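Q: Sharing the record's features from Swiss-Prot:
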- C21-C89: disulfide bond (DISULFID)
- 177-278: domain 'HTH araC/xylS-type' (DOMAIN)
- 197-218: DNA-binding region (DNA_BIND)
- 245-268: DNA-binding region (DNA_BIND)
Amino acid sequence: MDALSRLLMLNAPQGTIDKNCVLGSDWQLPHGAGELSVIRWHALTQGAAKLEMPTGEIFTLRPGNVVLLPQNSAHRLSHVDNESTCIVCGTLRLQHSARYFLTSLPETLFLAPVNHSVEYNWLREAIPFLQQESRSAMPGVDALCSQICATFFTLAVREWIAQVNTEKNILSLLLHPRLGAVIQQMLEMPGHAWTVESLASIAHMSRASFAQLFRDVSGTTPLAVLTKLRLQIAAQMFSRETLPVVVIAESVGYASESSFHKAFVREFGCTPGEYRERVRQLAP
C-alpha cells in the first residue's frame, strides 16, 4: 500500500452533505474558520460562483468543479452574474490528529478533471447521485454518501500532487519514511527552538546527511520549511483566536514581533492585522 493511501485510511474521512443550495441572482455564503480536523467542500452544479480566501486569492467555480478546504479556512462564496446557482455543500471529518496532515496541504484543493477523462465522467455522475442519495431513506445511505465525499478528497489530493513536483512539497516530506517524524514534530511544537542538529536527531541522521536528504526531497532547507509551517499555524490562529499578535508570534517560535511581522508579510502579502480583518470581512 502506498504512503498516501495509508495516511488517508488511517484518518478515515467521514463525509456528509450539509446543504443543497439553490441561489438567486445576488447572494453570498460566508463561512468562518472552523475545526482544524474538518474539511469543508463545495460542488457547483449550475451557474458560477466566486470564492474569496483570507490571503486575498479569488477563484471562479464552474459547473462540475469541487473545491475542498483542508484547513477549514474562512472563506466566502458569492454570485458572479445574474444566473441562478446551485451548490452542494458538505464536510469531511477526520481524526483529530489529522490536523497536522491537513496543514501540509494548500488552503484550497480543486477537483476539476479534464473533460471526458475517467475522473470527469465519474464526477459528473457522482454529484447528482450523491444529492439523490442524501434525500433518500435507503439502507446504507450514510455510509455511501460518506465514501463518495471521501473520494472527492482523495482525487483532489491526487490532482494537486500531479500539478506540482511530487518531490518538492511538504506532503512528500510528511510521507517520507525518515523525514515524516521531523515534520510531525515541527507541526506539534512550532514554538520549540529547533535547529538543524536537533531536527536531524529526530531522523537519527548526521546534520550533513539530514540536510542533504531534506533538500533532495523538498528542494529547500529544514529551516525554510519550519518557517513556512510556523507562519501557516499562526494564520490558522489569527482566523480562530483573538490573542495579541505578540502572543501568537511567541507561540510559533518568534522572540521578536517585528521579525514575525516581516516574515508574515513575505508569506501572505499582508500584515497579521490585515489578515485578521480579511477573515472578519469574509465571515462577519
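In case you wondered, yes, glycine gets a Cβ from its N, Cα and C as well.
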Q: Using a 10 Å cut-off, grab the number of neighbouring Cβ atoms around the Cβ of C89 (disulfide bond), all chains included.
A: 17
Q: Please classify the secondary structure at C89 (disulfide bond) using three-state DSSP.
A: strand
Q: Around the Cβ of C21 (disulfide bond), how many other Cβ atoms lie within 10 Å? Please give the count over every shown protein chain.
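A: That number is 16.
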